[in-house]
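Structure first, commentary second.
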Amino acid sequence: MSARRRVTDFVKGKGPYVWVTAYDYPTAKIVDEAGVDGILVGDSLGMVVLGLPNTLGVTLADMIRHTQAVARARPRALVVADMPFMSYETGPRDALRNASKLIKAGADAVKLEGGAEYARIVEKLVKAGIPVMGHIGLNPQRVLALGGFKMVGRTEEQRRKLLDDAKALRDAGAFSLVIEFVPASVAKEITEAVDIPTICIGAGPHCDGQILVLHDIIGLTERPPSFAKRYANVADVIRSAVKQYVNEVKTGQFPSKEHFKE
């Protein structure tokens with residue numbers, strides 16, 4: 001068995017690093033066995049697990065419970081937990097208290113959305129011994145302010161801000177940086193400008209790694225984003241299996257003798 005991943009294993013030039021989300025014990029165990037480098041317990045669970053319209057309704061308690069489940073499953077991959085909406089925006093003290101709860105739940109690091117405006121919080125967490133992954137570009141927790149899940153970085157002003165954000169988070173001590181839904185050329189420029197690994201989602205091939213939502217790639221999402229590739233249709237497999245189970249119970253085929261004792 002390979003050694004467990006550590007934050008210090010994620011260095012520039014050693015990728016590409018493969019990340020995927022997971023939210024529970026069985027899927028975390030499966031993706032770890034498949035060889036991913038990192039598992040993100042994302043607040044995307046609000047949409048793909050809890051059926052919410054966005055990530056804003058995800059609570060810290062939700063994140064703690066799902067982080068605990070994932071952490072129990074994996075012997076190898078690095079586990080990063082999202083800090084949910086309003087768990088860090090109120091200041092360094094709240095951020096430190098809430099991030100520490102996710103670390104105690106089993107996360108190896110936390111991820112928070114936002115740019116230079118949160119550099120002070122990132123620095124506070126890092127100084128306290130909590131590794132931080134940054135997240136710039138499309139920030140789903142700002143979906144109301146953005147007016148939807150829209151690409152960021154099309155204008156020169158946005159491009160400059162993304163570069164400034166990346167450098168500020170790097171300087172604050174972030175060990176890695178997620179870049180979401182920006183033009184590939186902008187992601188490439190950011191990747192070349194910082195000496196920490198960048199992990200793309202919907203931002204092209206020029207980053208130091210890629211991350212996707214598990215439910216999107218295995219076919220459990222009804223309308224996955226355009227940047228996600230579907231590698232399987234697990235929904236059809238589940239539906240077929242349950243239909244067969246329903247039919248066998250209705251027709252008296254299950255349980256058969258091998259499934260019970262007199």
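The backbone N, Cα and C atoms fix where each Cβ goes, glycine too.
Counting every protein chain shown, the number of other Cβ atoms lying within 10 Å of the Cβ of Glu180 (active site, proton acceptor) is 23. Per Swiss-Prot, the feature active site, proton acceptor maps to Glu180.
Annotated Mg(2+) binding site per Swiss-Prot: Asp43, Asp82, Glu113, in sequence order. Listed in sequence order, the residues of the same chain lying 6 or more apart from Asp43 (Mg(2+) binding site) and placing their CB within less than 8 Å of its CB are Thr55, Val58, Asp62, Met63, Asp82, Pro84, Phe85, Pro140, Gln141. A coil conformation is recorded for Asp43 (Mg(2+) binding site) in the three-state DSSP classification, outside any helix or strand.
For Ser44 (3-methyl-2-oxobutanoate binding site), the same-chain residues 6+ apart in sequence whose C-beta sits under 8 angstroms from its C-beta are Thr21, Thr55, Asp82, Pro140, Val213. Per Swiss-Prot, 3-methyl-2-oxobutanoate binding site is recorded for Asp43, Ser44, Asp82, Lys111.
The Cβ of Glu113 has fewer other Cβ atoms within 10 Å than any other of the binding-site residues Asp82, Glu113. DSSP assigns Glu113 (Mg(2+) binding site) to a strand segment in the three-state reduction. Put simply, Glu180 (active site, proton acceptor) is 13 Å from Lys111 (3-methyl-2-oxobutanoate binding site) when counted between their Cα atoms. With Asp43, Ser44, Asp82, Lys111 listed as the residues that bind 3-methyl-2-oxobutanoate, the site has a largest C-alpha separation of 12 Å.
Annotated pair Glu113 (Mg(2+) binding site) and Glu180 (active site, proton acceptor), C-alpha to C-alpha distance, rounded: 10 Å. In this view, Lys111 (3-methyl-2-oxobutanoate binding site) is surrounded by 24 other Cβ atoms within 10 Å of its Cβ, with every protein chain counted.
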